[in-house]
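Only one structure is covered here, and it is reproduced in the block below.
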Amino acid sequence: EGEPNVEDKIQEPTEGKVERIATTSSDNQVYSIHSKTKKRLLCCLAASAGFLSPFTANIYFPALNNIQKDLGVSAELVNLTITIFMICQGASPSFWGTIADSWGRRPVYLATLLIYIGGCIGVALTPNYGGLLALRMVQAFGSSSVVAIGAGTIGDICTPSERAGYMGIFSATAMLGPVIGPVVGGVVSQQLGWRWIFWVLAILGAVMWLLLFFFLSETLRSLVGNGSGYANPTPTEWLRRRALPASERVQPPPMTRFLTIPNPFIPFMYILEKDVFCLLLYNSLQYFGFYAVLTSMTSLFSVIYGLNDMQIGLCYMANGFGCVCGSLTTGRLLNWEFQRVVKKLNIDPKRARRGRLDPSFPIERTRMHYTWIWGLIYNVFLIVYGWALQYHAPLAVVLVFQVFLGYCSTATFSATSTLLVDLFPKNSAAIVASNNLARCWLGAIAVVGIAPGIERLGVGWMLTLISLILFFSRILMMVELKYGPTWRQQRAERTELKEKKKADKKEAKLQAKLADQEKQQSPELSPE
């Protein structure tokens with residue numbers, strides 16, 4: 001999906017009418033040859049794999065007290081395993097995301113899940129705290145990449161007009177982790193012991209690996225285009241191609257791509273883009289608040305309400321239910337908003353579905369139009385939630401607040417992730433890795449700081465302070481909506497100029513080579 005060759009720009013309204021926008025000269029090309037059923041299958045596989053990372057993180061929370069007693073360590077050291085997990089969870093997609101944008105989605109999926117399964121088995125067998133800490137890092141290194149690659153997979157097969165809906169499904173499935181994870185973790189830890197949590201994860205990872213091996217097609221557009229190419233095949237695709245005559249077989253890309261050493265610092269480079277910086281900082285601060293609520297639940301609910309591991313795990317369902325609802329409704333809302341803007345600007349819907357839009361299309365406002373509403377609602381409920389805990393409000397009231405906190409957080413995450421993929425469709429895995437890096441590292445700070453903060457200030461004032469920080473961060477969204485389109489246009493112009501210089505340099509080398517060949521072929525002049 002290269003930069004489109006724009007035919008026309010958005011025209012100013014004339015006499016109350018909105019002029020049509022011509023999208024690109026390549027509108028007749030199908031963005032993806034996959035049927036809706038195949039797209040749904042690929043989306044479900046990507047979402048199921050993406051579920052593993054948050055599930056692995058959240059299944060751990062109800063067992064923290066048991067792990068602390070079994071290994072004979074302090075609560076701070078147990079919380080350190082969460083912090084380290086999140087740091088690795090943020091960093092590893094920077095490595096795997098760039099590989100997935102070069103080698104393909106499929107080999108990275110399979111390789112990282114094998115690492116994840118090995119990490120799970122190791123944690124289940126570890127005899128001491130040091131082994132737990134090290135192997136949780138291995139787990140994070142293997143599991144966290146599937147989030148970035150999954151978002152990249154959806155970007156490969158979905159046009160902007162449908163992308164938000166599929167991203168909503170992807171996010172909703174991922175957010176089942178906070179719903180199911182603590183429940184499963186609480187039950188398993190209570191009945192079988194905390195080590196069985198990781199045997200469950202190893203079994204789940206093995207089942208997921210088999211599903212991806214047999215059914216997940218390669219989607220990276222630089223390898224397979226709109227799905228008509230052939231690379232990194234499933235067993236069925238390999239057998240189907242073998243059955244064809246040699247003259248009818250689609251040729252795969254060269255295997256030399258596996259010799260390419262990807263640059264793991266590419267996700268860091270995206271942060272230098274002004275609009276990306278605003279989006280990542282805004283989203284990461286929201287994630288900071290989200291994780292401050294999640295990680296403090298185990299100790300707060302145990303002390304205030306006297307709940308055991310299983311009961312605490314069930315309480316996480318309230319936040320998770322809000323997360324799932326936020327993902328699903330946000331995807332539909334963003335698709336509706338996209339269609340509304342397309343209709344308002346009098347763009348041909350068929351052309352919009354081809355995935356080729358004029359660079360002047362207001363994609364930032366289309367994706368982030370409602371974000372400030374979710375942000376302000378979150379601010380109010382975070383303060384109310386904190387003081388409800390401070391004064392020991394009924395548990396049912398506190399859990400209702402958790403639903404709203406989960407909904408508003410995930411709505412923001414879904415909108416931001418969709419916009420990031422829209423801005424960099426060719427490098428969607430790498431840009432989502434940037435997002436993962438920023439938000440996980442701020443989430444890790446939340447894990448480290450929330451317990452001491454509550455101890456010093458009290459839960460009411462601590463969450464009020466976090467809410468005020470998030471309130472002032474809403475300014476970033478105003479900046480993005482005002483200046484984001486300009487920054488995007490400037491980036492497109494820089495990219496076009498860079499590509500032109502590169503093409504000119506290549507042409508100059510070619511001309512010089514041709515001139516040398518002509519000189520060698522011309523007859524030498526003999527002296528008279």
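Each residue, glycine too, has its Cβ placed from N, Cα and C.
Nobody curates TrEMBL annotations by hand; they come from automatic prediction.
The transmembrane segment annotation in TrEMBL covers 41-61, 73-96, 108-127, 166-184, 196-216, 288-307, 370-389, 395-424, 436-454, 460-481. Annotation source TrEMBL lists domain 'Major facilitator superfamily (MFS) profile' at 42-482. Annotation source TrEMBL lists compositional bias 'Basic and acidic residues' at 494-521. As annotated by TrEMBL, region 'Disordered' applies to 494-528.
Shown for the region 'Disordered' (494-528): DSSP residue counts in helix, strand and coil, namely 28 helix, 0 strand, 7 coil. Beyond the ends of the transmembrane segment (460-481), by six or more residues, the same chain brings 275, 278-279, 281-282, 285-286, 288-289, 292-293, 364-365, 368, 371-372, 375-376, 378-379, 382-383, 385-387, 389-391, 450, 453-454 to within a C-beta distance below 8 angstroms of the stretch. At the 8 Å Cβ cutoff, the transmembrane segment (395-424) and the transmembrane segment (288-307) share at least 3 close pairs (sequence separation 6 or more) and count as touching. Of the candidate ranges 73-96, 166-184, 196-216, 196-216 has the most C-beta pairs within less than 8 angstroms of the transmembrane segment (108-127). Counting same-chain residues at least six beyond the ends of the transmembrane segment (73-96), those with a Cβ under 8 angstroms from any Cβ of the stretch are 53, 57, 60, 64, 67, 108, 112, 129, 132-133, 136-137, 139-145, 147-149, 262, 264-268, 291, 295, 299, 429-430, 432-434, 436-441, 443-444, 447-448, 451.
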